[in-house]
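Colleague: Pasting a structure here, questions to come.
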Amino acid sequence: MTPDRENEPPNPPQAVSDRPQPSRTPSDGDDAQKSLKYHLLGPSLTKAGQDAVDQQNVSEVIYNASKGSKFFNNEEVKDKNLTEKINRILSRKRQLEKLDLSHERRKADDYIAELEMGRDLSQVVIHIDCDAFYAAVEELDRPELKDVPMAVGKGVLTTCNYHARKFGCRSGMAGFVAMRLCPQLICLPLNFSKYSAKAEEVRSVLADYDARFESASVDEAYLNLTQYCQDHDLSPEDAVYQLRAEVHEKCKITVSAGIAANAKLAKIASNQNKPNGQFRIASDRQTIMEFMRSLPTRKVNGIGRVFERELDGIGIKTCGDIYAHRAYLSQLFGQKAFQFLMQCYLGLGRTKVQPAEDHERKSVGTESTFRELSAPDDLREKLRHIAEELEGDLKRTEYKGRTLCLKVKLHSYEVLTRQTAPPFAIHLADDLYKYGLPMLERLMKEIPNMKLRLMGLRATHIVSTKKAGIDFFGRHKATASSSKPPAALQTGKGTDDGEWEVWPEAEFEEAARQERDDEMNELEKLSQEQEKEAVSGINEEQWVCPICSLSQPPDDASFNSHIDFCLSRQTIKEAVKSTAPPESPKPQATLATRPPPAKRKAKRGRPKNETVSVDQGREKRRAFFQMPSTGSD
DNA sequence: GCGGATCAC
DNA sequence: TATGGTGATCCGC
């Protein structure tokens, strides 16, 4: 039985963890290849439709299709680093095993008792997930595609139907890899307005069951059916059957559902009987504990490929395995991860379901991938373009950023970020460019002949410019526009959260964006223009060159030439010192004086042996928890 | 606070 | 023959 074992990692993690030796073994090369192949299966391995697939074969095909590419090489490096990290975790665990852990065990038990006291089994929470949504919508227009393998998205699959999944195709997979797995695969271009309209249809049905439902993404939602079941004297199962039938009848697409006492369990449950199925985890402690006991860790939201392998490394394959290791977890993975894992073991999660509109955003950013570029002028032009994109996003969301983050991905797929704090909150393309450029120039100096495949800008520590209908300068804004964006979110427009199936797409945002732009009245536009002028005026007076600290002439052309001039006579180290807050001078100095190739290598190899003395003190971990609103904590 | 990493969607 | 974009969090330093 154990229906979930098909997604277990084929072998590599076990091969490592079962070995008692403290150090590496001769066969690590094989293990490395195995773990890499597992890694290459991608993040959506746990998606439905893969049960009957020969994952061994699929991973061979992916491996062979990717081998030798830059992408592949980067994955290999990441995988190797992870394996070393797991070895450090294991080593740390062996140390802990020699100690008296009764105190840690006691602390864990106390925490479990505390969590148990807060367990709430009174709510009926459901998670609704549309089946292969993009593909399903496309099939409505072209029914003949129902019977053949079909995917949506080119270059990379956004989603695919269940015929395609039988071949091992998955969302997130490179198109050319998918074609190797399934040469007859039909790939359709994305059509967001179509999917958006369909999503609204689905949401209007959901609203009848719980007016305060929560759109988790465009094709997912949480509902609290407690009241509905009471009012209509229905069992949760029957209510959900009815809901799914109604969606099918009105929208002509199928949805899967999970029913449980909290959102975490409901989410897991909705994946059990996909597609077009539902699954209930009964709301009694015994049933929940038994369900979790055999549940592979990866099935839990928040445990991805990396954490799964780390847990597997110390012998945790299912959520039930967590208990036996409770005394180690805090030391090995950190306090947050410890608490998170305890909740997984107990099957606890938030019971609160609410519209996500009150969720205050923390950053606004944009990034894009392009053909490899290395010419400084090209890179500057890209930055300029990204800055303009971001200005648009900041304008629409009505925010300014106190901090600006530059992100680049090298041709090797290595990702680097740099951030800077302008003297005031910025949102105009000119400013975004001005403060972004020194970071870019600095990177170009650090990495001679830098070749990029991606560039992005993100504003963080953002401040709203629309609070209480008063704008940044204290003027009253047009009321229509200041109340509109939240309303759009509330109706589940969801322009800010993740999108269908797996990937948010730029075009999708574009569509929603367009709608809101249309609603912006002339008065508002005028006000924006005035603001822009006012801000630029202030900028010119206040701005000083981050490199030489002299004030600058206002127009872009002279600004650019000045920056070029400045950089040509400044060392990178000095540029860094004046753009960024004071940093520890030693690493900068050594970096700046070391020859370029050595620099790159040193960077790459950093998480290795040399720094072990620092690292092994504590390998902390984990994210999660603060998914958009974890109620039950 | 910064930069790297992980995760979800 | 070319492997995504947006947002969030956590951790070590």
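The backbone N, Cα and C atoms fix where each Cβ goes, and this holds for glycine too.
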Colleague: Among A:378-397, A:458-477, A:478-497, find the range that TrEMBL records as region 'Disordered'.
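Modeller: Spelled out, TrEMBL records region 'Disordered' over residues A:478-497, not the other listed ranges.
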Colleague: Pick from A:351-373, A:512-534: which range does TrEMBL record as region 'Disordered'?
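Modeller: From TrEMBL, the annotated region 'Disordered' range turns out to be A:512-534.
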Colleague: If I take every residue in the domain 'UmuC' (A:125-304) and average their pLDDT values, what number comes out?
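Modeller: The average pLDDT of the model in the domain 'UmuC' (A:125-304) works out to 95.
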